Amino acid sequence: MTRLTGFLPPALARPFNAVGAALLVIAALLPWATFLLNDGAFPDKATLQFFDAPLAVTGFRWQLLLIGVAALVLAFVRIPGQGRVLRALGWGGLAIGVVGAIFIASEGGGLGAITAADGTTAFGSIVAVLGGVALVLGSTALGIPDIPDWPTRFFGLSGWPLRLAAWVVLVVAFGGVLYLVSLTLTAGGIGGAADPYAGPIFLAFLGFAGALLGALHGAGVTRWVSRLSEEHRGFSILVLVACAFALPFTEAGSQYWMQVAATIGVYAATAIGLNIVVGLAGLLDLGYVAFLGIGAFVAANLSGAGASALGWDLPFPVAALIAAAVAGVFGAIVGSPTLRVRGDYLAIVTLAFGEIFYRSAQNDIGELTGGASAIPGIPPISMFGTAFNEPLELFGAELPSGVLYYFLIVLVVAAIMAVFANLKNSRMGRAWIAIREDEDAARAMGIRTGKAKILAFLVGATLAGLAGAIFVHKLGTASYESFQFLESVTLLAAVILGGMGTIPGAVLGASLLFVLPEKLREFDEYRLLVFGLALILIMRFRPQGLVPDRVRRAELAGETAMGKSIEEAEEQAVLEHEEALSAQKEDRR
Amino acid sequence: MNAARHSAETVLEASGVTMVFGGLTALNDVSLSLPEGRIVGLIGPNGAGKTTFFNCLTGLYTPTRGAVRLRGKELPHDPAKVTTAGIARTFQNIRLFPNMSVLENVLVGRHIRMRQGPLASLFHGPGFRRDERRAREKSLELLEFVGLRGVEDEVARNLPYGDQRRLEIARALATEPDVLLLDEPTAGMNPQETEDARQLIFRIRETGISVVVIEHDTKFIFSLCDTVSVLVQGEVLVEGSPDVVREDPRVIEAYLGKPREEVEAEVAEAAAHHGADHQGPAAGRRDDA
Ligand SMILES: Nc1ncnc2c1ncn2[C@@H]1O[C@H](COP(=O)(O)OP(=O)(O)OP(=O)(O)O)[C@@H](O)[C@H]1O
Ligand SMILES: [Mg+2]
């Protein structure tokens, strides 16, 4: 069924789509800035010098060109999910245009920079914005169809050939994801002085990647792949882990990006833990980063660091387990007020706990945290006679230092994912979800809600504690400053942004929220602003998160599982109900 | 009273249950006994305290006075423990887990009958899988029993109204109760669905479960129950077989909404005049439904 949500009559859909697509193509071939920016040519020669090499279209303009050409073709060729695909392309083009326009105008001295000044013209970004808007309008006028369903048995295959074909599809798909991840990480280069344009290039690339994924999703490809991967679960996990291990062999395999990837891994692991508390059990925790901190400080004290108060030197696996256990105990302690308070009050209790932890660590209570001077000099993890900060030679490839941490964290994240998935599909997980859905009804089913909630806090905190132990070794320093309220909020945002209650959601959310600051370093003062804006936009237009849970998808996307819009389904339910009542009245007379 | 009634053992016994909310006495010295394998009806006007009584039975509320016994053992004031002891309930305003699938809703009902420790939940060993498979089989049987087979993967909130009520019953049955408490199980149903619900309750009784039903639809109650209690302003006005209750003038009056004292005065007067009016059972439609 197709929802008509456009502002335009359907008859105008095709002209708008065609014009929009054409404008995107043209924008890709126009100059974007009327003069040189201070730090040199705006990326990819989108400046006046452009005409020295008119067809040397690279970077974001190359991506825009791809989007434009694809849209131009799809404006005339019917494919399943056409409206959705075109809409995704339109938003992507619009995003690239807006990012470029804002950046050039703000750096280049106002509107003149992106229109006409000093006798030259550069309307690239404006044309791109117009094209994007036209495409979005045209595609919605075309109607937004249901996402097409593709069969998981195809080409009339069955048995072994079918399995093989499915495996090939999965390898290609996950390989594509790997490639995209590598591109995303490296897009624009390292932020800061080294690559002053990292921010806008990265954001523009996000627009492109979003358009690509959105188009694939609209055409039913992502859903198809996720179904295939569900049918071949074991194989998918294998390929996914293999892909994760292959990342260091791509362009992203530099020391810097491996370090960033490992940091993301730590936060992703923490976010999955938080997802148990918030996403499954529905308990809002605003002080969660404290558990990461507890794990970190415990591990620091057991690492043999000279500056730590305890100074024990335990092997890393033992220290990590102890750190996790201690964090878990604190989780249970913080969770116990949940027996008495609900909702907003619980959020305040957890907020207070986070603050208590932060202040205690800052003031070096018990001399375990080093206070303002932190605990420096934590030695790297060392196992099997190898220190984890050493470079590595593998399959003839020189892998940079830090890659071992990356491998370790990949394994840990995979293990935590398995824990999450197993718990979610068990008696305990269902009890948590039941509590989230309706606590009284859950109690009426015999669920000891108090115990269940404490257990949720305990498990979540344990996972965070484990992540904290790796974090602190990787960083080499344990400082209270890493565990501020803002980190809790960011983790929570990662969970909500990615999609509550889902694993890919938490990982994606954590990746985005912790990569962005790296890329936007040049705009330190606006970083939070951009952050906040992005969150608001996502919550407004995609409240179910980027990778929603099956059910929340239905609830929040305005679609029921039967494919009806929610308004429609509710209307029908009301009608049925009224009918039933009037029939009853008739009956009684 | 019914002679057979005395031969059946009493499963559930509430004695002198009183519930005071601030200044409001919602229940005053209410007693009820449920014999094994019987269906007892609870009727009364809006605000009479029927739901409050269920909440006292299931431990959701702690009664100000009085006690509830299941097979002679006093029940704790904790819904989870009461359910484990063998009492299951449905809610007047359907309270499913709206974003879980139909099957998952019933599986949550199996919670207390499943043997899975936290570690098993973590590692999914063979014992876990056996337990999970059994729970699934049981749940599907129950869905079949209430007539919801085939929609088990649907999200609960998307079910039509009548099916949601049936799902709530299946979920309650999944706890393997001795006693089932149904709070207005047919509210909002059409005549066909109401009849299906009646048959369903009969079939539930056949499995050996004793049932208490709250309903406003008196026709439904009188054709279903072995005994009926009438609750008015927190007190039991009449208790007896459907035939006795149906003809009781106090019940008829109470349903027209007069205060209890007035009704009792009229009954006394009517008895003096030997002129009880024969309106038949007034349909107790809720005016807010
Ligand atoms: N938690 C509470 N706090 C205060 N008053 C309550 C509470 N629960 C119920 N009451 C009051 O107790 C009285 C009985 O309510 P109850 O819901 O039990 O009636 P009912 O017989 O179920 O009515 P209905 O037919 O409308 O469902 C009402 O006056 C109600 O306002
Ligand atoms: Mg009620």
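Placement of Cβ uses the backbone N, Cα and C atoms for every residue, glycine included.
If one looks beyond the transmembrane segment (A:12-33) by at least 6 residues along the same chain, the residues whose Cβ comes under 8 Å of a Cβ in the stretch are 6, 42, 46-48, 50-51, 54, 57, 61-62, 64-65, 67-69, 71-72, 74-76, 86, 89-90, 93, 97, 100, 104, 108, 113-114, 120-125, 127-128, 130-139, 141-143. Sequence annotations record features per position, and here TrEMBL assigns transmembrane segment to A:12-33 (among others).
Feature annotation from TrEMBL assigns transmembrane segment to A:53-77 (among others).
Sequence-distant contacts of the transmembrane segment (A:89-116), counting only residues of its own chain at least 6 positions beyond either end whose CB sits under 8 Å from a CB of the stretch, comprise 20-21, 24, 27, 32-35, 37-38, 42, 46, 60, 63-64, 67-68, 70-71, 74, 122-136, 138-139, 197, 199-200, 203-204, 206-208, 210-212, 214-215. Among the features that TrEMBL reports, transmembrane segment is placed at A:89-116 (among others).
The transmembrane segment annotation in TrEMBL covers A:122-144 (among others).
Sequence annotations record features per position, and here TrEMBL assigns transmembrane segment to A:164-185 (among others). Remote same-chain residues near the transmembrane segment (A:164-185) are listed as 152, 154-155, 157, 202, 205-206, 209, 212, 225, 228-229, 231-232, 235-236, 239-240, 243-244, 246-247, 250-252, 257, 260-261, 515 (criterion: CB distance under 8 Å, separation of at least six residues from the stretch ends).
The transmembrane segment annotation in TrEMBL covers A:197-221 (among others).
Residues annotated as transmembrane segment in TrEMBL: A:233-250 (among others). Long-range Cβ contacts of the transmembrane segment (A:233-250) within its own chain (Cβ-Cβ under 8 Å, at least 6 residues beyond either end) map to 167, 170-171, 174-175, 177-179, 181-182, 258, 261, 395, 397, 399-400, 403, 406-407, 410, 414.
Residues or ranges marked as transmembrane segment in TrEMBL: A:256-281 (among others).
Look at TrEMBL and you will find A:288-310 (among others) tagged as transmembrane segment.
What TrEMBL lists as transmembrane segment is A:316-336 (among others). Long-range contacts of the transmembrane segment (A:316-336) within the same chain: residues 283, 287, 290-292, 294-296, 298-299, 302-303, 349-350, 353, 381-383, 453-454, 456-466, 468-470, 473, each at least 6 residues beyond the stretch ends and with a Cβ under 8 Å from a Cβ of the stretch.
For A:454-472 (among others), the entry in TrEMBL reads transmembrane segment.
Marked as transmembrane segment by TrEMBL: A:492-514 (among others).
For the transmembrane segment (A:197-221), the list of distant contacts is 39, 42-43, 59-60, 63-64, 66-67, 70, 79-81, 83-85, 87-89, 91-96, 99-100, 103, 147-150, 180, 183-184, 187-191, 515-516, 519-523: same-chain residues at least six beyond its ends, Cβ to Cβ under 8 Å.
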